[in-house]
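Participant: A single structure is presented below for examination.
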Amino acid sequence: MIDTTLPLTDIHRHLDGNIRPQTILELGRRYNISLPAQSLETLIPHVQVIANEPDLVSFLTKLDWGVKVLASLDACRRVAFENIEDAARNGLHYVELRFSPGYMAMAHQLPVAGVVEAVIDGVREGCRTFGVQAKLIGIMSRTFGEAACQQELEAFLAHRDQITALDLAGDELGFPGSLFLSHFNRARDADWHITVHAGEAAGPESIWQAIRELGAERIGHGVKAIEDRALMDFLAEQQIGIESCLTSNIQTSTVAELAAHPLKMFLEHGIRASINTDDPGVQGVDIIHEYTVAAPAAGLSREQIRQAQINGLEMAFLSAEEKRALREKVAAK
């Protein structure tokens, strides 16, 4: 179901949601951190989704063990490097990795700006080693409040040339986008792109707010857009992309089953929607699974899957020249 003549992208992929279970085990041992299990087999149920979680917040707790072992900036650098290695193994040509440095720094009180620098270093080295093209999206974790998000924003601004876009993620219901207007004003002043997690836990009004008040060019998840026909029309007309994450939306109980996922209807409506993973390390999936298993189960035809793959590059935070070069590189292989 993957068209090998086209670039394969993953533009909604959390770096801090893709820490390998084996790495969690190794870092836990290195830094003498108590883990809930001492073997890979027994650790996996604690760090990966085995059965669907009742809601988004429950799902997010699965990520916590991964960041609890980030006891040094070297550990942050390692997981960033491994994220690129994993992308290469999956056959990705281009990946946008998003991360929350405040969340990664929290367990061991690491310097937030230092985490940003370590991630940049790890990703740069990974791209050199594995030949994958990558860009970084900075996440503000809304769950920790406005002041914590301000700290994350300052850390990103200290490395503004290495950050491509700003995102807002976490508890969408408890911390609406209206709390973060000034943060996104500064992001736009920095000439960053804007993507926002919206319409996952909250309704279509959250998507409208992300677009109108925060300046979102893309929406992460956006499943609740299906409830508002005017919004669907607007997304299609303005070419505001939806970063769909099929398996993730089932595991968080945002959508009951793949057959009920709105991605097919988004594509039929002319919305620029793409297929992505979200937190592959926690979910126990990869981009190949999303294309070959999840997308057909969600009712997508072969042509719709191909369109979603095309959309992934069209939606990417790349210049027209970068997109053209990537298409030519893949076509020449």
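Just so it is clear, glycine is given a Cβ too, placed from its N, Cα and C backbone atoms.
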Participant: His12, His14, Asp278 bind Zn(2+) in Swiss-Prot, but which of His108, His193, His197 does that record place at the same site?
Facilitator: His197
Participant: What is the nearest of the recorded positions Gly170, His221, Asp279 to His14 (Zn(2+) binding site), using the Cα of each?
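Facilitator: Given the candidates Gly170, His221, Asp279, the nearest one is Asp279.
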Participant: Test of understanding: give the count of other CB atoms lying within 10 angstroms of the CB of Asp16 (substrate binding site).
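Facilitator: Within a 10 Å radius of the Cβ of Asp16 (substrate binding site) lie 27 other Cβ atoms.
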Participant: Quick check for the class: what is the C-alpha distance, in angstrom and rounded, between Asp279 (substrate binding site) and His12 (Zn(2+) binding site)?
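Facilitator: Cα-Cα distance, Asp279 (substrate binding site) to His12 (Zn(2+) binding site): 9 Å.
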Participant: Among the recorded positions listed here, Glu200, Asp278, Asp279, whose Cβ has the fewest other Cβ atoms inside 10 Å?
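Facilitator: Looking at the recorded positions Glu200, Asp278, Asp279, the Cβ with the fewest others within 10 Å is that of Glu200.
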Participant: So of all those binding-site residues, His12, Asp16, Gly170, which one's Cα sits nearest to His221 (site 'Important for catalytic activity')?
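Facilitator: Minimum Cα distance from His221 (site 'Important for catalytic activity') across His12, Asp16, Gly170 lands on His12.
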Participant: Given His12 (Zn(2+) binding site) and Glu200 (active site, proton donor), what distance in Å do their CA atoms have, once rounded to a whole number?
Facilitator: 14
Participant: DSSP three-state call for Glu200 (active site, proton donor): helix, strand or coil?
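Facilitator: Once the DSSP labels are grouped into three classes, Glu200 (active site, proton donor) ends up as coil.
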